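A.B. asks: Here it is, the structure in full.
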């Protein structure tokens, strides 16, 4: 191995040690069969699924109303209503936010022993997202910032009415910008309990000001990015929940009930895809070598040596380089997506505009975004998430044992890497098959004939195969902790 590649391999561990832990657990896993067999197998599964869906899914089933069952009067729902479950969950969400602030400011600054880090990043950001895929948009009712402003409205009459009308042209752009800022913080800010508490405090102030300025309805629909993100995720849930409404439906069918309103929401969905892919990609040695080994020979002629020899000097520039790549990633995905949509428009000679077609098929990408998220992060639920049981007894990291659980799950739970890899492969293929199905149903609703609908999906099938292969390739890359 060339000397600079040895140094680059070492720097791979120095650049993002925390994130390496999140994905690889500090060890290599050798695939039982060559990667190309997984890639071809996944592509074949998509192709066969495409043919089966095209044959069995008819126009009638595509345009018919989605069957559902009203659960409002079910015995267990009535019992939960009498128990005032939503009121309890509202109080719990507000208490969770308050505990994140208190433990962040006044507790131990060791992230593994402070309540705020595990509760916010693992239990809420990951765990609650996965829960939402099952129970629906529960967050809309128990959002701690909404609970807070509703309480303020009882004290300050008219607080949630707003002072100005929300400009329609802004659409979901504020939510997208806040979502990008959040992912930047997650990947690059290296937050500690105190800085997380400061960020949550600032976000709380922003929510209060936003509601005061444009009103509660507009703020939580267009600006508060957790509401937008979890609202999108909830469309995939078999339970369709809203205050006064609870119905059972087929999983993922909620994605066909509405369409994206604007390019801002399309970019929001694409960023959910691209940011997760980027998080996995930036940990791989091929990605690190692009910059530090100067694979394209751009910097070496200027410096006289590969950039890795100037690590200390170039580290800030590398951080800027990665940040720019992250922020540009949804626009790169948008360009690719629009290319395939334009191919579908050309094949079918559709009279619909490119914008209309792009927005119609936006939500068919959400199952892919979901499985990307799960495959990259779900292991954190049982490696770090379960530790919330012990941390709850000692939230400030001061040696307490309030509930007698302080010594539970102290030892790390090391998952079997073979099981993880095959679970990841299965989830990615499953997510893409669901997306193929949703896109085909939307095509049957959009185009004049079943033939045109099927033809329109040939480019989309190519896009799904591209996403599948790239997702599996990222997961298959050798990553070590650099130790």
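If you go along the chain as it appears here, the first residue is 1 and each next one adds 1.
Every residue, even glycine, has its Cβ placed from backbone N, Cα and C.
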A.B. asks: Out of 295-317, 318-340, let me know the one TrEMBL marks transmembrane segment.
C.D. replies: 318-340
A.B. asks: Checking feature assignment: transmembrane segment per TrEMBL, candidates 263-281, 396-414. Which range matches?
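C.D. replies: When 263-281, 396-414 are checked in TrEMBL, transmembrane segment belongs to 263-281.
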A.B. asks: Are the transmembrane segment (361-380) and the transmembrane segment (119-140) close enough to be called in contact, which here means at least 3 C-beta pairs under 8 A that are separated by 6 or more residues?
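C.D. replies: These two stretches do touch.
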A.B. asks: Per the definition of 3+ C-beta pairs under 8 A with sequence separation of 6 or more, do the transmembrane segment (419-441) and the transmembrane segment (318-340) touch?
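C.D. replies: Since fewer than 3 Cβ pairs under 8 Å link them, the transmembrane segment (419-441) and the transmembrane segment (318-340) do not come into contact.
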A.B. asks: Of the listed stretches 85-107, 119-140, 263-281, 453-476, which one has the most C-beta pairs under 8 A with the transmembrane segment (196-219)?
C.D. replies: 85-107
A.B. asks: What else in the chain is close to the transmembrane segment (119-140), if you only count residues 6 or more beyond its ends and a Cβ gap under 8 Å?
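C.D. replies: Those are 89, 96, 99-100, 146, 186, 196, 200, 220, 226-227, 229-231, 233-234, 236-242, 370, 373-374, 377-378, 380-381, 384-385, 388, 391, in sequence order.
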A.B. asks: Using Cβ atoms and a strict cutoff of less than 8 Å, what residues sit near the transmembrane segment (263-281) while being 6 or more residues removed from its termini?
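C.D. replies: Contacts of the transmembrane segment (263-281) (Cβ under 8 Å, skipping residues fewer than 6 from its ends): 19, 23, 171-173, 175-176, 179-180, 183, 187, 228-229, 232, 287, 325-326, 329-334, 337, 355, 358-359, 362-363, 365-366, 368-369, 372-373, 376, 467, 470-471, 474-475.
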